[in-house]
């Protein structure tokens, strides 16, 4: 790699953000980029060594820990050769390991948690000035994350947080202890952010929360009363934003899924016919041990209602294999739910012991070989179901939002890729009724000609092509940004801004 490191203190310093984990982390990394851009840092060009490397971490699975510390160790020789280089670690694993991170990786300069992302520029400057590692973990949000600037990664699709934290107590999950109790944003703030993104050409937004259909239980603004119908109304309000073509959300909790949300999904044209709803297990006994607060028939009844209201809806899920005490009978019940639910795809995981969770102390932890064998059977079943469901799409005309980075073999197959409204990945031939160059962010229609377990194929060419402002922005190399609120952070080569007091979460 080419180095971009600089020797003068006044020179512009470059950064790179490496992200692990869920969509919330991806969006948090956009905020990290926004903060550093606002402070005068510059994103390092691809293929170069950055002056500052930030790891935004995940703590859900043990292999995430191992991967992170392995990657940090690879930077130790670079750090030794260039003392001016800085390494920062944030996110859930940093919130969990705290000072212990420095014991494992003493060459790290900054450790920050999930609640104080906004402190990163100040911590970097303090570590540089004092020549001493800085560890700052706080137990509650300093500012609602939406108060922070964000540099978006896509010209056409954007994440929008509607809440942070989680009130559930799933025994396998460490996230609530790291991200805190649920706090909901004001509806007006959310819609204002969506409108600002649409004004910059964004066509698709995904509403983010650990449990989106609990939205309304605890607004950050104490003046707003608790409202269990708030999420359904938020979906309908998104439907009234001119220029917003696609709305998605993730993830709902089956225990709190209400009929008014299904009605809002079906009656709001820009809400996509897609639902990602975690199952975790098809065994009622295991669901109880997980503290999931619903049972398999309740889960299946929600799917039935969604498909009754939206017959073409694609349902996706998460499933954990090998939870402590899971018997072959329990596993067979999971397979039966998979057969009945007909998921269009599933994120499947082998249970991983997470210290600090109730499940870590449960008896009857399963041998690795048993978990692996069950996992393989689940994958085989789900792939057969997915293939059958995808084959049903053959012959249909579908709308596709052209995307970038989705088709790993597009260069070999002379195809481009995008996402259908129901979230399915589509590989298509870039020929036919095309209005100029096809660009990520443009909208096309194609006929599905083939199917595989993980994608659809459209090899008969493009039926129609609509150029969009998102495509214009992508072509020009422009990405949307949301400025947030000035937080008075130190700047490197950027004008100082007047400090603005932030209402934050109202905490």
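Every residue, even glycine, has its Cβ placed from backbone N, Cα and C.
Taken straight from Swiss-Prot:
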DOMAIN    13-129  domain 'MTTase N-terminal'
BINDING   22, 58, 92  [4Fe-4S] cluster 1 binding site
DOMAIN    152-388  domain 'Radical SAM core'
BINDING   166, 170, 173  [4Fe-4S] cluster 2 binding site
DOMAIN    391-462  domain 'TRAM'
COMPBIAS  459-478  compositional bias 'Basic and acidic residues'
REGION    459-492  region 'Disordered'
With a radius of 8 angstroms around the mean position of the C-beta atoms of 166, 170, 173, what other residues of the same chain does the [4Fe-4S] cluster 2 site pick up? 168, 169, 172, 174, 175, 176, 210
Residues flanking the [4Fe-4S] cluster 1 site, with Cβ no more than 8 Å from the Cβ centroid of 22, 58, 92 and excluding those residues themselves: 20, 21, 24, 25, 57, 59, 60, 64, 91, 93, 175
For the binding-site residues listed here, 22, 92, 170, 173, which shows the highest count of neighbouring CB atoms within 10 A? 92
Rounded Cα-Cα span from residue 170 ([4Fe-4S] cluster 2 binding site) to residue 92 ([4Fe-4S] cluster 1 binding site), Å: 17
Return only the integer: C-alpha distance in Å from residue 170 ([4Fe-4S] cluster 2 binding site) to residue 58 ([4Fe-4S] cluster 1 binding site). 17
Rounding to whole Å, the Cα atoms of residue 173 ([4Fe-4S] cluster 2 binding site) and residue 58 ([4Fe-4S] cluster 1 binding site) are apart by 12
Distance check, please: Cα of residue 58 ([4Fe-4S] cluster 1 binding site) against Cα of residue 166 ([4Fe-4S] cluster 2 binding site), rounded to an integer number of angstrom. 16
Near residue 58 ([4Fe-4S] cluster 1 binding site), how many other Cβ atoms are within 10 Å of its Cβ? 20
What is the separation, in Å, between the Cα atoms of residue 166 ([4Fe-4S] cluster 2 binding site) and residue 22 ([4Fe-4S] cluster 1 binding site)? 14
For residue 166 ([4Fe-4S] cluster 2 binding site), what is the tally of other C-beta atoms lying within 10 angstroms of its C-beta? 21
DSSP state at residue 58 ([4Fe-4S] cluster 1 binding site), helix/strand/coil: coil
If you run the three-state DSSP split on residue 92 ([4Fe-4S] cluster 1 binding site), which class comes out? helix
